[in-house]
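Peer 1: Before anything else, here's the structure in question.
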Amino acid sequence: MALSVIQSFKVEDHVVVDTEKNTIQEHSETSKWVLSAPDPPTLWHQIVVSVRNTISHYQQRCSSLRGQHRAKVVLSFLTLIFPILDWSQNYTVTKFRNDLLAGLTIASLCIPQSIGYATLAKLDPEYGLYTSVVPPLIYAIMGTSREIAIGPVAVVSLLLSSMIQKLIDPVADPIGYRKLVFTATLFAGIFQAAFGLLRLGFFVDFLSHAAIVGFMAGAALIIGLQQLKGLFGINHFTNNTDIISVMKSVSESFHHPWNPRNFVLGCSFFIFILLTRLLGKRNRKLYWLPAISPLISVILATVIVFVTRADKSGVNIVKHIKEGINPISMNEIVLNSHHVGALAKIGLVVAIVALTESVSVGRSFASMKGYHLDGNKEMVSLGFMNIIGSFTSCYVATGSFSRTVVNFTAGCETLMSNIVMAVTVIISLLCLTKLLYFTPTAILASIILSALPGLIDINEGYKIWKTDKVDFLACIGAFFGVMFVSVEIGLLVAVAISFIRIIFLSIGPGIETLGKLPGTNMFCDVHQYPMAMKIPGIVIVRIKSSMLCFSNANSITERVNKWITEEEAEGNKEDIRSIIQLVIIDASNLVSIDTSGIASLEKLHKNLLSSGKQLAIANPRWKVIYKLKTANFVKRIGGRVFLTVGEAVDSNLDC
């Protein structure tokens, strides 16, 4: 019996060797479809098509306007650029009333927050107010989200200050520092607009959801620790953002004289803000209370300091806030500085973080209202908003989650609420800046601290841990990177872990044994479906990776050889049915293969051939079959390429 089997293998080997020298043997009609597929598009062709599609996207919009009256064409073109011309046509008094109330509500929250965030960005307080004027007005004209509230945010403020202060000291040279901030803002706007115009929004996806959760939580804690300076009235504080440097600076300050009045004042109003937030959650009709509580805190604290003259007793105050609307800062943009390269990198990082926050917030509320938010158009509007903002004394602005929630809860109808907010801030800049002279810095610290809990999502972190441990590693990596090193290192750690995960998935064995489900023609993983039956004399494996390349080719082919050995060891070698005759590789998941992958398949084929076994490929994708044919691999395996695994099995059984 064994002798006959060996003889049959020798005959089979002879046939296989002959077919390698001749043309590809005939198969079923469907197999011919696989082998006769046209060549796939080249990389250059794909790039050209991508550029052409981007251009045609705008050409189609322009062509739809041909043949129409010139005035209508101009209006339609302007409507595409400025959506306000569209929704303002159906604007009513009722909508304006709702937007007016929402705008005044978010302005009451925006004014104290903007002053606090400006100090976080290591700028004078008025620059936070400037950033709450021009960017919201530009976005109201060009933006598509109805609920989003534009202005400075804590994370972007911290990100800018932590990176730019490495180039120039904001205390020693505040003017030079401010110029670099405006220049970084210009670069951020250019990158954001370019992402939208070129439809490159996928760049934002480099920050995964898990990485954002960890980054936001770490940044929130760092921002909170930074506010200890204002809360305790510490005059000398570290410029570093890591937790060790901050805590060291706080501990050292206790060895010097400090005034507890700052702490008492700040904590008192911090508790007040938290209580109003609790009342607002319990009673939805009181939604306005937590929104205006920061402004009430500023007013009351300022009055207390002014009446008691607490500033002479050691309470730190804001002092002078420059009066007037945004001055032009175009002449402060420095493009001939040796820091331009570093500022461009800072602008790119800040642009991605700001876009991620704004687009995610906008899409969340758009889905709640039941309308679609165009991500590319959002990027364009945010980009131009920051470009113009950099020319008008603003730093990077984006969509604020806390203010957007207030805007939504207050019943906003359109972006008119942003216009109302901006006008209110303008009035404050023109008329109220002198009244803010005695505002204690401890109040600004407490306002920033009260906004931080919304950035820490413990439940989401726990959900990530339960769902995907590697994703949680990216989350916790970003968190600890921000906490113990710096904000930008935290981002780099998160992105690096995500890339390492991609590499790990590509180099892993990524292979599974298939069996036939009873009563069907389906072949599935035998570990997932224990009822799946293996075909005697045939090993069917599926490559789970999308690539067979230099990083995983050897490990995959070694695993195939190992499984064949294990299968034969488990079977009865006296039984011909247990001897492996055919190895079928299901390539349905493969979208790409390189020369290393082809070389590993050739090595596998030679090893199988030397032991009297055949190799077949099932369901290869377009690029894969093209490269296999180009490398003459299809000819070497005797043309055993099939459309499905079932056909490959039937072909062997028919032999």
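In case you wondered, yes, glycine gets a Cβ from its N, Cα and C as well.
These numbers come from a predicted model, not from an experiment.
As listed in TrEMBL for this protein:
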- 548-652: domain 'STAS' (DOMAIN)
- 148-168: transmembrane segment (TRANSMEM)
- 180-200: transmembrane segment (TRANSMEM)
- 206-225: transmembrane segment (TRANSMEM)
- 263-280: transmembrane segment (TRANSMEM)
- 286-307: transmembrane segment (TRANSMEM)
- 340-359: transmembrane segment (TRANSMEM)
- 379-398: transmembrane segment (TRANSMEM)
- 405-429: transmembrane segment (TRANSMEM)
- 470-500: transmembrane segment (TRANSMEM)
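Surface or core, plus neighbours and distances: that's what I need for these features.
Peer 2: Nonlocal intrachain contacts for the transmembrane segment (148-168), taken as residues 6+ away from its ends with a CB within less than 8 angstroms of a stretch CB, comprise 106, 110, 113-114, 117-118, 120-122, 128, 131-132, 135-136, 139, 176-177, 180-181, 184, 215-216, 219-220, 222-223, 226, 239, 241, 339, 342-343, 346, 349-350, 353-354, 357-358, 361-362, 365, 385, 395-401, 403-404, 406-407, 417-418, 421, 448, 451-452, 455, 486-488.
Counting same-chain residues at least six beyond the ends of the transmembrane segment (206-225), those with a Cβ under 8 angstroms from any Cβ of the stretch are 120, 154-155, 158-159, 241-243, 246-247, 250, 352-353, 356, 360, 448-449, 452-453, 455-457, 460-461, 464, 468, 471-472, 474-483, 487, 490-491, 494-495, 497-498.
Sequence-distant neighbours of the transmembrane segment (286-307) (same chain, 6+ residues past either end, Cβ-Cβ under 8 Å): 105-106, 108-109, 111-113, 265, 269, 272-273, 276-277, 279-280, 315, 317, 406, 409-410, 435-436, 438-440, 442-443, 446-447, 450.
Panel annotation: around the transmembrane segment (379-398), residues 121, 123, 127, 130-136, 138-139, 142-144, 150-153, 156-157, 160, 181-186, 188-197, 201, 326-330, 333, 350-351, 354-355, 357-359 of the same chain, lying at least six beyond its termini, place a Cβ under 8 Å from a Cβ of the stretch.
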Peer 1: Below 8 angstroms Cβ to Cβ, which residues of this chain, lying six or more residues outside the transmembrane segment (180-200), approach it?
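Peer 2: Here the qualifying positions are 54, 57, 121, 123, 160, 164, 167-168, 329, 332-335, 337, 339-340, 343-344, 346-348, 350-352, 354-355, 375-391, 393-396.
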Peer 1: Tell me, what is the mean pLDDT of the domain 'STAS' (548-652)?
Peer 2: 85
Peer 1: Tally the residues of the domain 'STAS' (548-652) by DSSP class, grouping H, G and I as helix, E and B as strand, and everything else as coil.
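Peer 2: Helix/strand/coil tally for the domain 'STAS' (548-652): 58 helix, 15 strand, 32 coil.
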